[in-house]
Amino acid sequence: MKQGDKPVHGMWTSRWAFILAATGSAVGLGNIWKFPYFAGEYGGGAFVLVYLLCIALVGVPIMVAEVMLGRKGGMSPVHTMIKLAAESKVSRRWAGIGYMGALAGFLILSFYSVIAGWTLYYIWDMAQGGFQGISAAGSLAHFEGMQANAWLMLGCHTAFMILTMWVVARGVSRGLEKAVQVLMPLLFVLLIGLVVYASTTPGFAQGVNFMFHTDFSKLSGKAVMAALGQAFFTLSLGMGAIMVYGAYMPREVKDRRTGQTRRVSIVSTVGIIALLDTLVALGAGLVIFPVVFSNGLEPSQGPGLLFVTLPLAFGQMPAGVIVGTVFFVLVMCSALSSSISLGEPMVAWLVERGLGRPLAALVVGLTAWVIGIGTVLSFNYWKDVTFLVGTFFQNIDFLASSLMLPLGGMLIAIFAGWVMKETQARKELAMKSFGLYMIWRAVVRIVAPLAVAAVFLNALIGALGG
Ligand code: PHE
């Protein structure tokens, strides 16, 4: 396939299309499923605070860098990095950022699809009224019953992976853009409604206190590492998803009202995405923890947290069958708009190597599906088979989310801050405020790499010491 300057992948049709797609990538299971269960597991407030700091100090600047590199390169992360390395006259090895990212996205996709598969089962169950008037113990038993059934989980994992690859195969603007336009706003509205509902439950004050009361004695090196990894995970950073979406971002758009072209600002765009992502995560916590405390449940129960607590709330509220079904449909859709971006760096790379899009999607989907079987089994037959940091699922998650994403993000920051010509970065970003630009530059050069290095070192010392 020819790879001149002409894009082989298509483009977003507007700035909003990019914002929606990138928000669709960012907002997903990471916000609604993972953030609350991590916060629960790592003790609440202090974890939440470190997470928010990681988003603001490390995540946002790296996201700016990633979009900038992507838009400059205009191709899959691998080829973008090859191109930019050549332009900066440095080693081709910088393409390693692209390869490692594609691999990380691929590993995440393998387990992401399994968890998203749970939402499919919950939609089905919820719609049938399976949770009406259910007790806390009943809800837990329900979840455990699903986990014990490996065939059921495999079926849902398969269905979700097919759905993902179908959208990916349809391509950038036809497939991805259409779906998120409707779903994202809907998810917001429903989440706000649920927070209002949660505020009427007796455990609300306790839930809020759990999330925002910072008790640093509970904070371990492992928790800080998890918070950093989660910041990367939730913003889809460090693996090229945002880079490849940036590659589909136009430099200029026509203003609908005035008809004039204007530049698309990367910084304000990223600000909107990070803000929306953070609001959804906090919103999910504000729904889940009040329900936990209202029903005497454990906040630290792990990956089942979302799936045990919310059905309880839906089982108690009026019109719970409808609200609950719609909610899980939206969670499923927001997972879908994330999972398509997990495969995209690898798919885009294969397309540039000459594969047709549908075939590339098939190859990526099928391989990730096979690895995902390991995650399916981690909840039943292999539940007690643990090594390194835990089950197969926990190892894949830790390797990809806690190690590869921060490492990838650090390399992206170093490339944007130290390797690339300063004038090039400044031109591509075209920030209006020079002061803001200097802050960004200081962060990607110094703060972000040091923060990642410090967290890694701290965890390493903790592991060796403990
Ligand atoms: N950000 C997504 C979520 O929070 C997950 C994701 C990670 C998507 C990395 C793409 C890349 O669910």
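Every residue, even glycine, has its Cβ placed from backbone N, Cα and C.
Residues or ranges marked as transmembrane segment by TrEMBL: 12-33, 45-65, 97-124, 150-168, 180-199, 219-245, 266-293, 313-338, 359-379, 399-421, 442-464.
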In contact by Cβ distance (the transmembrane segment (442-464), the transmembrane segment (12-33); 3 or more pairs under 8 Å): no
The transmembrane segment (219-245) vs the transmembrane segment (266-293): 3 or more CB pairs under 8 Å: yes
Closest-packing stretch to the transmembrane segment (45-65), where packing means Cβ pairs under 8 Å, from 150-168, 266-293, 313-338, 359-379, 399-421: 266-293
Tertiary contacts of the transmembrane segment (266-293) (same chain, 6+ residues out, Cβ under 8 Å): 15, 18-19, 22-23, 26-27, 30-32, 35-36, 39-40, 48, 52, 55, 59-60, 63-64, 67-68, 71, 187-188, 191-192, 194-195, 197-199, 201-204, 206-208, 210-211, 234-235, 246, 299, 305-306, 309-310, 312-313, 428-431, 436, 440
Recorded stretch, among 180-199, 313-338, 359-379, 442-464, maximising Cβ pairs under 8 Å relative to the transmembrane segment (150-168): 359-379
When counting Cβ pairs under 8 Å to the transmembrane segment (399-421), the leader among 97-124, 313-338, 359-379, 442-464: 442-464
Tertiary contacts of the transmembrane segment (442-464) (same chain, 6+ residues out, Cβ under 8 Å): 54, 57-58, 61-62, 64-65, 220-222, 224-225, 228, 406-407, 409-410, 413-414, 416-418
Among 97-124, 180-199, 313-338, stretch most in contact with the transmembrane segment (359-379) (C-beta, under 8 angstroms): 97-124
Positions on the same chain near the transmembrane segment (313-338), where near means CB under 8 A and six or more residues out: 21, 24-33, 112, 115-116, 119-120, 122-123, 126-127, 129, 131-134, 139, 160, 163-164, 167, 176, 179-180, 183-184, 186-187, 190, 193-194, 197-198, 201, 236, 287, 291
